[in-house]
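S.K.: Copying in the features that TrEMBL gives for the protein in this structure:
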- Asp35: active site, proton acceptor (ACT_SITE)
- His63: active site, proton donor (ACT_SITE)
- Lys175: active site (ACT_SITE)
- 34-40, 62-64, Arg338, 364-366, 446-449: GTP binding site (BINDING)
- Asp35, Val332, Thr333, Thr334, Gly335, Arg336, Lys337, Arg338: substrate binding site (BINDING)
- Asp35, Gly62: Mg(2+) binding site (BINDING)
- Asp35, Glu36, Gly37, Lys38, Asn60, Ala61, Gly62, His63, Thr164, Arg178, Asn257, Thr272, Arg336: IMP binding site (BINDING)
Amino acid sequence: MSHKACYTNPGAGVKRPRNDTGNKLTVVLGAQWGDEGKGKVVDLLATESDIICRCQGGNNAGHTVVVDGKEYDFHLLPSGIINSKALSVIGNGVVIHLPGLFEEAEKNEKKGLKDWEKRLIISDRAHIDDFKNTFLRLFDFHQAVDGLQEVQRQAQEGKNIGTTKKGIGPTYSSKASRTGLRICDLLADFKDFSMRFKNLAQQYQAMFPTLEVDVDGQLKKLKEYAERIRPMVRDGVYFMYDAINGPPKKILVEGANAALLDIDFGTYPFVTSSNCTVGGVCTGLGIPPLNIGDVYGVVKAYTTRVGIGAFPTEQLNEVGELLQTRGHEVGVTTGRKRRCGWLDLVILRYANMINGFTAFALTKLDILDVMDEIKVGVSYKLNGKKIPYFPANMDVLQKVEVEYEKLPGWKSDTSTCRKWEDLPVKAQNYIRFVEIHVGVPIKWVGVGKARESMIQLF
């Protein structure tokens, strides 16, 4: 038979046009090392959204949202769960610590969160980070392993990665080595799940002989959690497909962590275990790139990072101390003090190369109110030559020389400003300087903790 005879369909071999219909997802991502104030931007957009999604990370994320004077802390739940008219989705790319999920919900219930379980959708393909052991109170064995791995790294190399010890890395390791357990496994044949759970526990005990696991006790708890989450679990891919291709809906994606913590593009190895750049949205929810709409990058008006690793604009002086104190720079998840430094535009340009931001939200501008002079890192030099890229190797990044531009401080209180015109001219100049040098417009400027402290520029 000739090849020609195979094609009975007259349309065969004709390129199918890509269908540009369907709802677009608005994405909010961190553009530095995390802690930029993503929760606040998400909360602002969530008030008008129908669906709010998490696509990666686990309870190593920490978002604080202030509504009506009440401060809510979210680690695993999308911070859009506050919106009683919207659905919140935990996608397949998230690793779920079930005890943490319920503890977090209960804490926020005491602050006024209601009926969250009726508004939460959990993807059946999400991996479980949820195995408690007897020697660490309420910690799963992935969390115990995470802590043990940190101890081993410290002993072997004299340095650790600075993980949150929430078990995120070991859970993603199990996922990559195809030994992980998913929500769909927990809700299927429990006998089969129990056998696989025991095998996973034995693997970890062989690797870490000091690890103790109360297998029967944990399985009992997991069986209880299975029944509690069963009504929330859906096929995540079909749910998102239906949401995108159904009636008009506003769909929001809340990124966790940030560009410089991305497993591929961050300051490796001092990174998280997932893709927290825009590609993680597609793989973490099971959606086509075509349906990604606006991508907003959240940027602090200065730079911070938690844990160790290269930090070119870090200020180990009174400037760093002032930023740390005025900005209350302590991690929501870890309680660790954040390292502080000047705004680094090389990082922002790099994050934009990967994510293609529609616009920025610039947060915590008010922290700079007392500065006489503000420095901004505009470029890096290596061996006396300016480099147009962000170095991949951490030893190289440690050696870069930062070139700064100095801008005059505005020396006045911006925390009561609610419109662009209210901001001091020198503060406006600082904002425009960032826009021009990075090539991304700034849509919001944050001057305080509350919802109304976000000034919208366009």
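Cβ coordinates are placed from backbone N, Cα and C, and glycine is handled just like the others.
Note that this is a predicted model, so its numbers are computed, not measured.
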S.K.: Long-range same-chain neighbours of Gly37 (GTP binding site), Cβ under 8 Å, sequence gap at least 6?
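M.R.: Set apart from Gly37 (GTP binding site) by at least 6 residues yet with Cβ under 8 Å, we have Val298, Lys300, Ala361, Thr363, Lys364, Gly446.
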S.K.: Provide the number of Cβ atoms within 10 Å of the Cβ of Arg336 (substrate binding site), excluding the reference atom itself.
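M.R.: Taking all protein chains shown, Arg336 (substrate binding site) has 13 Cβ neighbours within 10 Å.
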S.K.: Can you give me the Cα-Cα distance between Lys175 (active site) and Gly34 (GTP binding site) in Å, rounded to a whole number?
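M.R.: Checking the Cα atoms of Lys175 (active site) and Gly34 (GTP binding site) gives a distance of 24 Å.
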S.K.: Looking only at C-alpha atoms, tell me how far Gly62 (Mg(2+) binding site) is from Asp35 (active site, proton acceptor), rounded to the nearest Å.
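M.R.: Distance between the two Cα atoms comes out at 8 Å.
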S.K.: Going by Cα-Cα distance, which of the recorded positions (Asp35, Asn257, Thr334) sits nearest to Leu365 (GTP binding site)?
M.R.: Asp35
S.K.: Out of the binding-site residues Lys40, Asn60, Asn257, give me the one sitting nearest to Thr334 (substrate binding site) by CA distance.
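M.R.: Checked the binding-site residues Lys40, Asn60, Asn257; minimum Cα distance to Thr334 (substrate binding site) goes to Asn60.
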S.K.: Return the residue, from the listed binding-site residues Gly34, Asn60, with the maximum count of other C-beta atoms within 10 angstroms of its C-beta.
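M.R.: Its Cβ has the most other Cβ atoms within 10 Å: Gly34.
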S.K.: Nearest of the recorded positions to Lys40 (GTP binding site) by CA-CA distance, picking from Asn60, His63, Asn257, Lys337, Arg338?
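M.R.: Comparing Cα positions, the closest of these recorded positions turns out to be His63.
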S.K.: For Asn257 (IMP binding site), which residues in the same chain are close in space, meaning a Cβ under 8 Å from its Cβ, but six or more apart along the sequence?
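M.R.: Asn257 (IMP binding site) has long-range Cβ partners Gly30, Gly34, Gln56, Gly57, Asn60, Ala61, Thr272, Ser274, Cys276.
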S.K.: Ranked by the number of other Cβ atoms within 10 Å of their own Cβ, which of the binding-site residues Lys40, Arg338 ranks first?
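M.R.: Counting Cβ neighbours within 10 Å, the top one is Lys40.
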S.K.: If you compare CA-to-CA distances from Arg336 (substrate binding site) to each of the recorded positions Asp35, His63, Thr64, Val447, which comes out shortest?
M.R.: Asp35
S.K.: Are there any residues in the same chain, six or more apart in sequence, whose C-beta is under 8 angstroms from the C-beta of Lys337 (substrate binding site), and if so which?
M.R.: Gln324, Glu329, Val330, Gly331
S.K.: Measuring Cα to Cα, how many Å separate His63 (active site, proton donor) from the residue listed as 'active site, proton acceptor'?
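M.R.: Rounded to the nearest whole number, the Cα-Cα distance is 8 Å.
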S.K.: Compare the Cα of Arg338 (substrate binding site) against each of the recorded positions Asp35, Thr64, Val447 and report the nearest.
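M.R.: Sorting the recorded positions by distance from Arg338 (substrate binding site), the top entry is Asp35.
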